[in-house]
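Everything below concerns the one structure shown next.
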Amino acid sequence: MTTTDTTTAERTAPLDNPPRGPAEEDNPTLVRVGAAARLLRPVRRHFITCGVLSALAAAAGFLPYLAIAEIARAVLTAPSAAAAAPTVWTWVAIGGLGAMLRLVLLGFSSHVGHYADAEMLRDIRVRLVRRLGVIPLGWFRSAGSGQVKKTMTDDLEEMHQLIAHALGEITAGATAILVGFGYLLFVDWRMALITLAVPAMMLLAYRVSMRSMPAHMARLLAAEGRISAASVEYADGISVVKAFGTNGRLLDRFGAAVREHTAAMRTWVSEVRYSSALCQLFNSEVTVLAVVFAAGLGFVTAGELTFVDILPFLVVGVGLPTSLTPLIQGNQGLRKARMAAGRIDALLNREALPEPAEPRTPTGHDIELDRVTFSYDGATNAVEDVSVRCQPGTVTALVGPSGAGKTTLASLLPRFYDVTGGAIRIGGVDVRDMSSETLLSSMTLVFQDVALLRDTVTENIRIGRPGASDEQVREAARAAQIHDVIERLPQGYDTVLDAVGGGLSGGERQRLTIARAILAAAPVVVLDEATAALDPDGEAAVQDALATLIAGKTVIVIAHRLHTIASADQILVLEGGRVAEVGSHPVLLARNGLYARMWRAQQNGDTA
(Lines of atoms letter the chains of each structure in order from A and count residues from 1; the text may use other names and numbers.)
(Lines give C-alpha, C1' and ligand atoms only; values in the text may rest on other atoms or scores of the structure.)
Protein backbone atom coordinates (compact mmCIF):
# COMPACT_ATOMS: atom_id res chain seq x y z
CA MET A 1 0.00 0.00 0.00
CA THR A 2 1.20 3.53 -0.71
CA THR A 3 1.06 6.61 1.44
CA THR A 4 -1.26 9.29 0.10
CA ASP A 5 -0.27 12.94 -0.22
CA THR A 6 -3.10 13.91 2.13
CA THR A 7 -1.80 11.68 4.90
CA THR A 8 1.69 13.01 4.47
CA ALA A 9 0.48 16.59 4.57
CA GLU A 10 -1.46 15.92 7.76
CA ARG A 11 1.60 14.77 9.67
CA THR A 12 2.21 17.32 12.37
CA ALA A 13 4.70 17.86 15.17
CA PRO A 14 4.00 19.47 18.54
CA LEU A 15 5.53 22.86 19.19
CA ASP A 16 7.29 23.46 22.50
CA ASN A 17 8.24 27.01 21.59
CA PRO A 18 6.27 29.87 20.04
CA PRO A 19 7.15 30.44 16.38
CA ARG A 20 9.60 33.15 15.44
CA GLY A 21 8.47 36.28 13.75
CA PRO A 22 9.36 36.85 10.09
CA ALA A 23 11.79 39.66 10.95
CA GLU A 24 13.74 37.35 13.25
CA GLU A 25 14.34 34.78 10.54
CA ASP A 26 16.42 37.27 8.55
CA ASN A 27 18.36 38.78 11.47
CA PRO A 28 20.56 36.61 13.74
CA THR A 29 20.71 39.35 16.38
CA LEU A 30 16.92 39.57 16.51
CA VAL A 31 16.77 35.78 16.75
CA ARG A 32 18.95 35.86 19.88
CA VAL A 33 17.07 38.79 21.44
CA GLY A 34 13.72 37.22 20.60
CA ALA A 35 14.92 33.88 21.94
CA ALA A 36 15.93 35.42 25.27
CA ALA A 37 12.57 37.22 25.51
CA ARG A 38 10.68 33.97 24.90
CA LEU A 39 12.69 32.06 27.48
CA LEU A 40 12.17 34.81 30.07
CA ARG A 41 8.44 35.15 29.40
CA PRO A 42 7.29 32.74 32.17
CA VAL A 43 9.24 34.72 34.81
CA ARG A 44 8.81 38.18 33.33
CA ARG A 45 7.16 39.62 36.45
CA HIS A 46 9.86 38.29 38.73
CA PHE A 47 12.46 39.53 36.26
CA ILE A 48 11.05 43.07 36.40
CA THR A 49 10.67 42.94 40.19
CA CYS A 50 14.29 41.87 40.56
CA GLY A 51 15.41 44.75 38.36
CA VAL A 52 13.34 47.30 40.29
CA LEU A 53 14.67 46.07 43.65
CA SER A 54 18.24 46.22 42.33
CA ALA A 55 17.67 49.78 41.12
CA LEU A 56 16.24 50.84 44.49
CA ALA A 57 19.15 49.17 46.27
CA ALA A 58 21.60 51.10 44.10
CA ALA A 59 19.77 54.36 44.81
CA ALA A 60 19.85 53.62 48.54
CA GLY A 61 23.52 52.74 48.26
CA PHE A 62 24.20 56.22 46.89
CA LEU A 63 22.95 57.86 50.11
CA PRO A 64 26.13 57.18 52.17
CA TYR A 65 28.24 58.92 49.48
CA LEU A 66 25.80 61.82 49.44
CA ALA A 67 25.91 61.95 53.23
CA ILE A 68 29.71 62.14 53.27
CA ALA A 69 29.70 64.99 50.77
CA GLU A 70 27.02 66.94 52.61
CA ILE A 71 28.63 66.35 56.01
CA ALA A 72 31.90 67.72 54.66
CA ARG A 73 30.14 70.77 53.25
CA ALA A 74 28.31 71.36 56.54
CA VAL A 75 31.46 71.08 58.63
CA LEU A 76 33.49 73.37 56.37
CA THR A 77 30.81 76.05 55.96
CA ALA A 78 29.29 76.15 59.46
CA PRO A 79 30.57 78.92 61.80
CA SER A 80 31.00 76.38 64.61
CA ALA A 81 30.79 72.69 65.38
CA ALA A 82 27.62 73.22 67.36
CA ALA A 83 25.97 74.87 64.38
CA ALA A 84 26.98 72.00 62.09
CA ALA A 85 25.91 69.24 64.50
CA PRO A 86 22.19 69.01 63.56
CA THR A 87 23.01 68.82 59.85
CA VAL A 88 25.81 66.32 60.45
CA TRP A 89 23.64 63.99 62.53
CA THR A 90 20.81 64.22 60.02
CA TRP A 91 23.10 63.13 57.21
CA VAL A 92 24.65 60.43 59.39
CA ALA A 93 21.17 59.01 59.90
CA ILE A 94 20.37 59.29 56.18
CA GLY A 95 23.64 57.61 55.23
CA GLY A 96 23.21 54.81 57.75
CA LEU A 97 19.60 54.26 56.74
CA GLY A 98 20.64 54.15 53.09
CA ALA A 99 23.35 51.57 53.81
CA MET A 100 20.94 49.33 55.73
CA LEU A 101 18.17 49.78 53.18
CA ARG A 102 20.60 48.83 50.42
CA LEU A 103 21.43 45.54 52.16
CA VAL A 104 17.75 44.72 52.72
CA LEU A 105 16.80 45.51 49.12
CA LEU A 106 19.76 43.53 47.78
CA GLY A 107 18.64 40.57 49.86
CA PHE A 108 15.10 40.74 48.45
CA SER A 109 16.46 41.26 44.94
CA SER A 110 18.73 38.23 45.25
CA HIS A 111 15.86 36.12 46.59
CA VAL A 112 13.51 37.12 43.78
CA GLY A 113 16.25 36.71 41.17
CA HIS A 114 17.23 33.22 42.29
CA TYR A 115 13.58 32.20 42.58
CA ALA A 116 12.95 33.41 39.03
CA ASP A 117 16.15 31.67 37.95
CA ALA A 118 14.99 28.35 39.43
CA GLU A 119 11.56 28.68 37.81
CA MET A 120 13.01 29.62 34.43
CA LEU A 121 15.60 26.82 34.42
CA ARG A 122 12.95 24.30 35.45
CA ASP A 123 10.72 25.47 32.60
CA ILE A 124 13.55 25.37 30.06
CA ARG A 125 14.79 21.95 31.20
CA VAL A 126 11.30 20.46 30.97
CA ARG A 127 10.80 21.91 27.50
CA LEU A 128 14.24 20.75 26.37
CA VAL A 129 13.63 17.22 27.61
CA ARG A 130 10.24 17.17 25.89
CA ARG A 131 11.76 18.44 22.67
CA LEU A 132 14.62 15.93 22.84
CA GLY A 133 11.97 13.25 23.22
CA VAL A 134 10.38 14.07 19.85
CA ILE A 135 13.48 14.95 17.83
CA PRO A 136 14.41 12.20 15.35
CA LEU A 137 16.86 9.85 17.05
CA GLY A 138 19.27 10.20 14.16
CA TRP A 139 19.95 13.77 15.27
CA PHE A 140 21.55 12.51 18.48
CA ARG A 141 23.94 10.34 16.51
CA SER A 142 25.02 13.25 14.33
CA ALA A 143 25.03 15.93 17.06
CA GLY A 144 26.90 13.90 19.63
CA SER A 145 26.71 14.07 23.42
CA GLY A 146 29.03 17.09 23.55
CA GLN A 147 26.52 19.39 21.85
CA VAL A 148 23.63 18.20 24.01
CA LYS A 149 25.76 18.61 27.13
CA LYS A 150 26.73 22.15 26.17
CA THR A 151 23.10 23.18 25.73
CA MET A 152 21.80 21.39 28.82
CA THR A 153 24.56 22.64 31.15
CA ASP A 154 26.75 25.43 29.79
CA ASP A 155 24.03 27.41 28.04
CA LEU A 156 21.65 27.03 30.97
CA GLU A 157 24.44 28.29 33.24
CA GLU A 158 24.65 31.44 31.11
CA MET A 159 20.90 31.96 31.53
CA HIS A 160 21.35 31.49 35.28
CA GLN A 161 24.03 34.17 35.30
CA LEU A 162 21.67 36.53 33.48
CA ILE A 163 18.79 36.19 35.92
CA ALA A 164 20.66 35.75 39.19
CA HIS A 165 23.55 38.15 38.58
CA ALA A 166 23.76 40.13 35.33
CA LEU A 167 20.33 41.73 35.69
CA GLY A 168 21.16 43.11 39.12
CA GLU A 169 24.56 44.33 37.97
CA ILE A 170 23.12 46.17 34.98
CA THR A 171 20.27 47.87 36.83
CA ALA A 172 22.42 48.71 39.86
CA GLY A 173 25.21 50.16 37.76
CA ALA A 174 22.88 52.20 35.56
CA THR A 175 20.90 53.52 38.54
CA ALA A 176 24.01 54.51 40.47
CA ILE A 177 25.34 56.48 37.51
CA LEU A 178 22.02 58.22 36.84
CA VAL A 179 21.43 59.16 40.49
CA GLY A 180 25.01 60.26 41.01
CA PHE A 181 25.10 62.32 37.84
CA GLY A 182 21.73 63.88 38.68
CA TYR A 183 23.02 64.98 42.08
CA LEU A 184 26.20 66.43 40.56
CA LEU A 185 24.14 68.33 37.98
CA PHE A 186 22.19 69.85 40.85
CA VAL A 187 25.45 71.01 42.49
CA ASP A 188 27.08 72.43 39.33
CA TRP A 189 26.31 71.40 35.78
CA ARG A 190 29.74 72.36 34.43
CA MET A 191 31.69 70.23 36.90
CA ALA A 192 29.12 67.45 36.45
CA LEU A 193 29.81 67.29 32.71
CA ILE A 194 33.56 67.32 33.29
CA THR A 195 33.26 64.53 35.87
CA LEU A 196 31.03 62.52 33.55
CA ALA A 197 33.59 62.87 30.76
CA VAL A 198 35.87 60.33 32.46
CA PRO A 199 33.39 57.41 32.52
CA ALA A 200 32.18 58.52 29.08
CA MET A 201 35.71 58.08 27.72
CA MET A 202 35.89 54.73 29.45
CA LEU A 203 32.64 53.66 27.78
CA LEU A 204 33.94 54.80 24.40
CA ALA A 205 37.11 52.75 24.83
CA TYR A 206 35.01 49.79 25.93
CA ARG A 207 32.79 50.09 22.87
CA VAL A 208 35.85 50.05 20.64
CA SER A 209 37.24 46.98 22.40
CA MET A 210 33.88 45.19 22.17
CA ARG A 211 33.26 46.04 18.52
CA SER A 212 34.63 42.72 17.32
CA MET A 213 33.38 40.74 20.31
CA PRO A 214 30.45 38.89 18.59
CA ALA A 215 32.69 37.40 15.90
CA HIS A 216 35.43 36.47 18.35
CA MET A 217 32.94 35.12 20.88
CA ALA A 218 31.40 32.92 18.20
CA ARG A 219 34.86 31.50 17.40
CA LEU A 220 35.64 30.99 21.07
CA LEU A 221 32.34 29.26 21.81
CA ALA A 222 32.69 27.05 18.73
CA ALA A 223 36.18 26.07 19.87
CA GLU A 224 34.88 25.41 23.39
CA GLY A 225 32.21 23.16 21.91
CA ARG A 226 34.87 21.18 20.04
CA ILE A 227 36.97 20.94 23.21
CA SER A 228 33.94 19.62 25.09
CA ALA A 229 33.12 17.12 22.34
CA ALA A 230 36.75 15.93 22.16
CA SER A 231 36.85 15.54 25.94
CA VAL A 232 33.65 13.49 25.99
CA GLU A 233 34.89 11.40 23.06
CA TYR A 234 38.19 10.73 24.81
CA ALA A 235 36.52 9.82 28.11
CA ASP A 236 33.90 7.58 26.46
CA GLY A 237 36.49 5.77 24.38
CA ILE A 238 39.30 5.53 26.93
CA SER A 239 39.25 1.72 26.96
CA VAL A 240 39.53 1.56 23.18
CA VAL A 241 42.23 4.24 23.23
CA LYS A 242 44.37 2.24 25.66
CA ALA A 243 43.70 -1.08 23.98
CA PHE A 244 44.60 0.03 20.46
CA GLY A 245 47.17 2.68 21.22
CA THR A 246 45.20 5.52 19.59
CA ASN A 247 45.86 7.86 22.50
CA GLY A 248 48.00 10.14 20.35
CA ARG A 249 45.39 10.62 17.64
CA LEU A 250 42.61 11.57 20.06
CA LEU A 251 44.93 13.80 22.05
CA ASP A 252 45.93 15.48 18.79
CA ARG A 253 42.25 16.15 18.10
CA PHE A 254 41.81 17.58 21.59
CA GLY A 255 45.02 19.59 21.24
CA ALA A 256 43.87 21.02 17.90
CA ALA A 257 40.65 22.26 19.53
CA VAL A 258 42.63 23.80 22.40
CA ARG A 259 45.04 25.47 19.98
CA GLU A 260 42.13 26.86 17.99
CA HIS A 261 40.64 28.31 21.17
CA THR A 262 44.01 29.77 22.20
CA ALA A 263 44.57 31.30 18.77
CA ALA A 264 41.11 32.89 18.82
CA MET A 265 41.76 34.31 22.29
CA ARG A 266 45.17 35.67 21.28
CA THR A 267 43.72 37.34 18.20
CA TRP A 268 41.02 39.01 20.26
CA VAL A 269 43.41 40.13 23.00
CA SER A 270 45.81 41.50 20.40
CA GLU A 271 43.07 43.58 18.79
CA VAL A 272 41.80 45.10 22.03
CA ARG A 273 45.04 45.61 23.96
CA TYR A 274 45.17 49.41 23.44
CA SER A 275 41.47 50.06 24.00
CA SER A 276 41.56 47.80 27.06
CA ALA A 277 44.46 49.80 28.47
CA LEU A 278 42.46 53.01 27.99
CA CYS A 279 39.51 51.37 29.77
CA GLN A 280 41.73 50.69 32.76
CA LEU A 281 43.05 54.24 32.70
CA PHE A 282 39.64 55.93 32.65
CA ASN A 283 38.22 53.44 35.16
CA SER A 284 40.79 54.46 37.75
CA GLU A 285 39.77 56.56 40.77
CA VAL A 286 43.10 58.35 40.46
CA THR A 287 42.16 59.55 36.96
CA VAL A 288 38.81 60.86 38.21
CA LEU A 289 40.43 62.64 41.16
CA ALA A 290 43.04 64.21 38.90
CA VAL A 291 40.50 65.46 36.35
CA VAL A 292 38.04 66.74 38.99
CA PHE A 293 40.76 68.40 41.04
CA ALA A 294 42.35 70.08 38.01
CA ALA A 295 39.01 71.34 36.68
CA GLY A 296 37.84 72.38 40.13
CA LEU A 297 41.06 74.22 40.81
CA GLY A 298 40.52 76.18 37.62
CA PHE A 299 37.02 77.22 38.67
CA VAL A 300 38.21 78.08 42.20
CA THR A 301 41.07 80.16 40.82
CA ALA A 302 38.63 81.99 38.56
CA GLY A 303 36.48 82.71 41.58
CA GLU A 304 33.43 80.90 40.16
CA LEU A 305 33.41 78.09 42.73
CA THR A 306 34.72 77.52 46.23
CA PHE A 307 36.68 74.53 47.43
CA VAL A 308 33.61 73.35 49.32
CA ASP A 309 31.68 73.24 46.04
CA ILE A 310 34.28 70.83 44.66
CA LEU A 311 33.94 68.31 47.49
CA PRO A 312 30.81 66.50 46.14
CA PHE A 313 32.61 65.86 42.86
CA LEU A 314 35.65 64.45 44.66
CA VAL A 315 33.48 62.16 46.81
CA VAL A 316 30.65 61.16 44.46
CA GLY A 317 32.51 61.48 41.17
CA VAL A 318 35.02 58.81 42.22
CA GLY A 319 32.18 56.29 42.39
CA LEU A 320 30.94 56.83 38.83
CA PRO A 321 33.62 54.75 37.05
CA THR A 322 33.32 52.15 39.80
CA SER A 323 29.61 51.86 39.01
CA LEU A 324 30.49 51.21 35.37
CA THR A 325 32.35 48.01 36.22
CA PRO A 326 29.27 45.98 37.26
CA LEU A 327 27.36 47.57 34.38
CA ILE A 328 29.97 46.32 31.92
CA GLN A 329 30.18 42.90 33.55
CA GLY A 330 26.41 42.62 33.44
CA ASN A 331 26.41 43.64 29.79
CA GLN A 332 28.93 40.90 29.01
CA GLY A 333 26.72 38.42 30.84
CA LEU A 334 23.78 39.69 28.80
CA ARG A 335 25.68 39.12 25.55
CA LYS A 336 26.59 35.57 26.54
CA ALA A 337 23.05 34.88 27.69
CA ARG A 338 21.63 36.11 24.37
CA MET A 339 23.93 33.77 22.47
CA ALA A 340 23.08 30.89 24.81
CA ALA A 341 19.38 31.69 24.42
CA GLY A 342 19.82 31.51 20.65
CA ARG A 343 21.27 28.00 20.90
CA ILE A 344 18.61 26.87 23.37
CA ASP A 345 15.92 28.34 21.12
CA ALA A 346 17.42 26.55 18.11
CA LEU A 347 17.15 23.24 19.94
CA LEU A 348 13.61 23.99 21.12
CA ASN A 349 12.66 24.81 17.53
CA ARG A 350 14.49 21.84 16.00
CA GLU A 351 12.13 19.97 13.76
CA ALA A 352 10.36 17.20 15.63
CA LEU A 353 9.63 13.79 14.23
CA PRO A 354 6.38 14.29 12.29
CA GLU A 355 3.46 12.45 13.84
CA PRO A 356 0.46 11.40 11.75
CA ALA A 357 -2.80 13.21 12.39
CA GLU A 358 -4.63 9.87 12.26
CA PRO A 359 -2.21 7.09 13.31
CA ARG A 360 -2.69 3.65 11.84
CA THR A 361 -1.96 0.28 13.42
CA PRO A 362 -0.23 -2.48 11.44
CA THR A 363 -2.13 -5.72 10.91
CA GLY A 364 0.99 -7.89 10.73
CA HIS A 365 4.71 -7.88 11.29
CA ASP A 366 6.14 -8.32 7.83
CA ILE A 367 8.56 -5.60 6.71
CA GLU A 368 8.62 -4.18 3.21
CA LEU A 369 11.24 -1.78 1.90
CA ASP A 370 9.84 -0.29 -1.28
CA ARG A 371 12.51 1.51 -3.36
CA VAL A 372 13.93 3.14 -0.24
CA THR A 373 16.31 6.05 -0.79
CA PHE A 374 17.95 8.21 1.87
CA SER A 375 20.48 11.05 1.91
CA TYR A 376 22.06 12.66 4.97
CA ASP A 377 23.06 15.86 3.21
CA GLY A 378 20.50 16.04 0.41
CA ALA A 379 23.24 15.64 -2.19
CA THR A 380 24.66 12.11 -1.93
CA ASN A 381 22.47 9.08 -1.34
CA ALA A 382 23.64 6.83 1.49
CA VAL A 383 20.97 4.30 0.49
CA GLU A 384 19.42 4.18 -2.95
CA ASP A 385 16.49 2.26 -4.44
CA VAL A 386 16.55 -0.61 -1.92
CA SER A 387 13.63 -3.04 -2.10
CA VAL A 388 13.20 -6.19 -0.02
CA ARG A 389 10.44 -8.00 1.86
CA CYS A 390 11.00 -9.67 5.23
CA GLN A 391 8.39 -12.22 6.33
CA PRO A 392 7.46 -12.90 9.97
CA GLY A 393 9.46 -15.71 11.52
CA THR A 394 12.44 -15.11 9.24
CA VAL A 395 15.91 -13.66 9.67
CA THR A 396 17.17 -11.13 7.15
CA ALA A 397 20.86 -10.27 7.34
CA LEU A 398 22.38 -7.03 6.08
CA VAL A 399 26.00 -7.40 5.03
CA GLY A 400 28.44 -5.50 2.89
CA PRO A 401 31.71 -3.58 2.99
CA SER A 402 32.18 -0.70 5.41
CA GLY A 403 30.10 2.29 4.31
CA ALA A 404 27.75 0.16 2.22
CA GLY A 405 24.68 1.52 4.04
CA LYS A 406 23.86 -1.32 6.44
CA THR A 407 23.51 0.78 9.60
CA THR A 408 21.77 3.56 7.68
CA LEU A 409 19.18 1.13 6.37
CA ALA A 410 18.60 -0.29 9.85
CA SER A 411 18.25 3.26 11.24
CA LEU A 412 15.41 3.98 8.83
CA LEU A 413 13.24 1.18 10.25
CA PRO A 414 12.59 2.84 13.67
CA ARG A 415 12.53 6.30 12.00
CA PHE A 416 15.83 7.55 13.35
CA TYR A 417 15.58 9.32 10.01
CA ASP A 418 12.76 9.52 7.50
CA VAL A 419 13.33 8.18 4.02
CA THR A 420 13.83 10.74 1.28
CA GLY A 421 12.34 8.42 -1.30
CA GLY A 422 10.23 5.27 -1.33
CA ALA A 423 8.55 3.82 1.76
CA ILE A 424 9.08 1.39 4.64
CA ARG A 425 6.02 -0.58 5.71
CA ILE A 426 5.37 -2.83 8.68
CA GLY A 427 2.26 -4.95 8.43
CA GLY A 428 1.27 -3.02 5.32
CA VAL A 429 1.40 0.38 7.06
CA ASP A 430 3.96 3.06 6.24
CA VAL A 431 6.04 3.67 9.37
CA ARG A 432 5.36 7.40 8.90
CA ASP A 433 1.65 6.69 9.34
CA MET A 434 2.22 4.95 12.68
CA SER A 435 2.54 6.81 15.97
CA SER A 436 6.04 6.73 17.46
CA GLU A 437 4.69 4.78 20.43
CA THR A 438 3.15 2.12 18.21
CA LEU A 439 6.21 1.89 15.99
CA LEU A 440 8.77 1.60 18.78
CA SER A 441 6.63 -0.77 20.85
CA SER A 442 6.48 -3.13 17.88
CA MET A 443 10.25 -3.12 17.49
CA THR A 444 13.20 -4.06 19.68
CA LEU A 445 16.57 -2.51 18.91
CA VAL A 446 19.92 -3.90 20.05
CA PHE A 447 22.77 -1.55 19.23
CA GLN A 448 26.47 -2.17 18.98
CA ASP A 449 27.00 0.72 21.42
CA VAL A 450 25.60 -0.58 24.70
CA ALA A 451 23.46 1.89 26.67
CA LEU A 452 23.05 1.11 30.37
CA LEU A 453 21.35 3.18 33.05
CA ARG A 454 22.79 4.06 36.45
CA ASP A 455 20.41 1.63 38.12
CA THR A 456 20.13 -1.98 39.23
CA VAL A 457 20.57 -4.89 36.84
CA THR A 458 16.88 -5.67 37.24
CA GLU A 459 15.79 -2.18 36.21
CA ASN A 460 18.27 -2.14 33.31
CA ILE A 461 16.58 -5.24 31.93
CA ARG A 462 13.06 -4.20 32.94
CA ILE A 463 13.26 -1.06 30.79
CA GLY A 464 12.29 -3.39 27.96
CA ARG A 465 8.92 -3.95 29.67
CA PRO A 466 8.35 -1.66 32.69
CA GLY A 467 5.59 -3.82 34.16
CA ALA A 468 7.52 -7.08 34.04
CA SER A 469 7.88 -9.14 37.22
CA ASP A 470 11.22 -10.10 38.73
CA GLU A 471 10.76 -13.67 37.53
CA GLN A 472 10.13 -12.48 33.96
CA VAL A 473 13.32 -10.43 34.17
CA ARG A 474 15.25 -13.51 35.26
CA GLU A 475 13.74 -15.63 32.50
CA ALA A 476 14.88 -13.06 29.93
CA ALA A 477 18.36 -13.08 31.47
CA ARG A 478 18.49 -16.88 31.25
CA ALA A 479 17.43 -16.76 27.61
CA ALA A 480 20.24 -14.29 26.91
CA GLN A 481 22.75 -16.54 28.70
CA ILE A 482 23.57 -13.81 31.24
CA HIS A 483 21.73 -15.07 34.37
CA ASP A 484 24.72 -16.90 35.87
CA VAL A 485 26.95 -13.86 35.34
CA ILE A 486 24.44 -11.62 37.12
CA GLU A 487 24.16 -14.03 40.06
CA ARG A 488 27.93 -13.75 40.57
CA LEU A 489 27.76 -9.95 40.94
CA PRO A 490 28.09 -8.56 44.51
CA GLN A 491 24.34 -7.92 44.95
CA GLY A 492 23.14 -10.10 42.10
CA TYR A 493 20.19 -8.53 40.30
CA ASP A 494 20.24 -5.64 42.79
CA THR A 495 23.76 -4.61 41.78
CA VAL A 496 23.80 -0.99 40.63
CA LEU A 497 25.43 -0.53 37.24
CA ASP A 498 26.77 2.60 35.63
CA ALA A 499 27.00 3.76 32.03
CA VAL A 500 30.00 1.48 31.38
CA GLY A 501 28.56 -1.62 33.01
CA GLY A 502 30.11 -1.60 36.48
CA GLY A 503 32.08 -4.87 36.44
CA LEU A 504 30.56 -6.46 33.34
CA SER A 505 32.67 -7.21 30.31
CA GLY A 506 31.79 -5.82 26.91
CA GLY A 507 30.22 -9.09 25.83
CA GLU A 508 28.28 -9.37 29.09
CA ARG A 509 26.92 -5.84 28.72
CA GLN A 510 25.83 -6.73 25.19
CA ARG A 511 24.02 -9.82 26.43
CA LEU A 512 22.34 -7.72 29.14
CA THR A 513 20.84 -5.48 26.46
CA ILE A 514 19.76 -8.57 24.55
CA ALA A 515 17.97 -9.74 27.71
CA ARG A 516 16.23 -6.37 27.69
CA ALA A 517 15.20 -6.98 24.08
CA ILE A 518 14.00 -10.49 24.86
CA LEU A 519 11.86 -9.20 27.73
CA ALA A 520 10.25 -6.60 25.47
CA ALA A 521 9.01 -9.46 23.25
CA ALA A 522 8.41 -7.11 20.32
CA PRO A 523 7.44 -8.78 17.03
CA VAL A 524 10.27 -7.04 15.13
CA VAL A 525 13.90 -7.29 16.24
CA VAL A 526 16.74 -5.22 14.79
CA LEU A 527 20.26 -6.25 15.79
CA ASP A 528 22.77 -3.58 14.81
CA GLU A 529 26.15 -5.32 14.99
CA ALA A 530 24.74 -7.04 18.07
CA THR A 531 27.42 -9.74 18.28
CA ALA A 532 30.38 -7.76 16.98
CA ALA A 533 31.81 -7.17 20.46
CA LEU A 534 31.25 -10.69 21.83
CA ASP A 535 33.86 -13.34 22.38
CA PRO A 536 33.28 -16.61 20.49
CA ASP A 537 31.68 -18.37 23.48
CA GLY A 538 29.46 -15.41 24.30
CA GLU A 539 28.50 -15.01 20.67
CA ALA A 540 27.52 -18.66 20.39
CA ALA A 541 25.44 -18.41 23.57
CA VAL A 542 23.57 -15.38 22.30
CA GLN A 543 23.02 -16.92 18.88
CA ASP A 544 21.54 -20.02 20.56
CA ALA A 545 19.26 -17.84 22.70
CA LEU A 546 18.07 -15.82 19.74
CA ALA A 547 17.43 -18.93 17.69
CA THR A 548 14.77 -20.06 20.17
CA LEU A 549 13.03 -16.68 20.22
CA ILE A 550 12.57 -15.71 16.56
CA ALA A 551 9.50 -17.86 15.90
CA GLY A 552 6.78 -15.54 14.64
CA LYS A 553 9.12 -12.54 14.68
CA THR A 554 10.73 -10.53 11.93
CA VAL A 555 14.46 -10.32 12.60
CA ILE A 556 16.91 -8.03 10.83
CA VAL A 557 20.55 -8.39 11.79
CA ILE A 558 23.69 -6.55 10.72
CA ALA A 559 26.93 -8.51 10.92
CA HIS A 560 30.50 -8.21 9.73
CA ARG A 561 31.36 -11.81 10.63
CA LEU A 562 29.48 -13.68 7.97
CA HIS A 563 29.52 -17.06 9.72
CA THR A 564 27.06 -15.65 12.29
CA ILE A 565 24.36 -15.18 9.66
CA ALA A 566 25.04 -18.17 7.41
CA SER A 567 21.72 -19.69 8.51
CA ALA A 568 19.70 -16.53 7.80
CA ASP A 569 16.62 -16.98 5.61
CA GLN A 570 17.80 -14.24 3.28
CA ILE A 571 20.93 -12.12 3.06
CA LEU A 572 20.83 -8.62 1.62
CA VAL A 573 24.26 -7.69 0.28
CA LEU A 574 24.78 -3.92 0.01
CA GLU A 575 27.47 -2.06 -1.88
CA GLY A 576 27.60 1.70 -2.25
CA GLY A 577 24.11 2.05 -0.79
CA ARG A 578 22.55 -0.25 -3.40
CA VAL A 579 21.49 -3.89 -3.33
CA ALA A 580 24.23 -5.97 -4.92
CA GLU A 581 22.77 -9.40 -4.19
CA VAL A 582 19.90 -11.06 -2.35
CA GLY A 583 19.62 -14.72 -1.43
CA SER A 584 20.45 -17.41 1.08
CA HIS A 585 24.01 -18.33 2.02
CA PRO A 586 24.29 -21.32 -0.37
CA VAL A 587 22.71 -19.40 -3.24
CA LEU A 588 25.02 -16.41 -2.82
CA LEU A 589 28.11 -18.63 -2.62
CA ALA A 590 27.04 -20.34 -5.84
CA ARG A 591 26.73 -16.96 -7.60
CA ASN A 592 30.39 -16.24 -6.82
CA GLY A 593 29.69 -12.52 -6.44
CA LEU A 594 30.50 -9.94 -3.75
CA TYR A 595 29.19 -12.11 -0.91
CA ALA A 596 31.27 -15.08 -2.02
CA ARG A 597 34.40 -12.90 -2.17
CA MET A 598 33.72 -11.53 1.32
CA TRP A 599 33.15 -15.06 2.62
CA ARG A 600 36.41 -16.38 1.18
CA ALA A 601 38.30 -13.36 2.51
CA GLN A 602 37.02 -13.97 6.04
CA GLN A 603 37.65 -17.69 5.81
CA ASN A 604 41.25 -16.88 4.89
CA GLY A 605 41.55 -14.63 7.95
CA ASP A 606 41.29 -11.25 6.17
CA THR A 607 38.83 -8.48 7.06
CA ALA A 608 35.90 -7.71 4.84
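A Cβ is built for glycine as well, from the same backbone N, Cα and C atoms used for every other residue.
Annotation comment: TrEMBL describes 1-28 as region 'Disordered'.
Feature annotation from TrEMBL assigns transmembrane segment to 47-68 (among others).
According to TrEMBL, the feature domain 'ABC transmembrane type-1' maps to 48-336.
Distant neighbours of the transmembrane segment (88-108): 53-54, 56-58, 60-64, 66-68, 70-71, 74-75, 168; these residues of the same chain sit at least 6 beyond its ends, with a Cβ under 8 Å from one of its Cβ atoms. Taken from TrEMBL, the feature transmembrane segment covers 88-108 (among others).
The transmembrane segment annotation in TrEMBL covers 162-185 (among others). Beyond the ends of the transmembrane segment (162-185), by six or more residues, the same chain brings 36, 40, 43, 47, 50-52, 54-59, 61-62, 65-66, 106, 109-110, 113-114, 116-117, 120, 191-192, 195-196, 199, 312-313, 316-317, 319-320, 323-334, 336-337 to within a C-beta distance below 8 angstroms of the stretch.
Cβ atoms under 8 Å from those of the transmembrane segment (191-209) belong to residues 177, 181, 184-185, 272, 275-276, 278-279, 282-283, 287-288, 291-292, 295-296, 299, 305, 309-310, 313, 317, 320-321, 323-324, 328 of the same chain, restricted to positions at least 6 beyond its ends. According to TrEMBL, the feature transmembrane segment maps to 191-209 (among others).
Residues 190-191, 194-195, 197-199, 201-202, 205, 307, 309-310, 313-314, 317-318, 320-322, 324-325 of the same chain, all 6+ positions outside the transmembrane segment (281-301), place their C-beta atoms under 8 angstroms from a C-beta of that stretch. Taken from TrEMBL, the feature transmembrane segment covers 281-301 (among others).
The domain 'ABC transporter' annotation in TrEMBL covers 367-601. Mean pLDDT across the domain 'ABC transporter' (367-601) comes to 85 in this model.
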Restricting to the same chain and to residues at least six past its boundaries, which positions have a Cβ under 8 Å from a Cβ of the transmembrane segment (47-68)?
40, 91-92, 94-99, 101-102, 105-106, 108-109, 112-113, 116, 163, 167-168, 171-176, 179-180, 183, 315-316, 319, 323
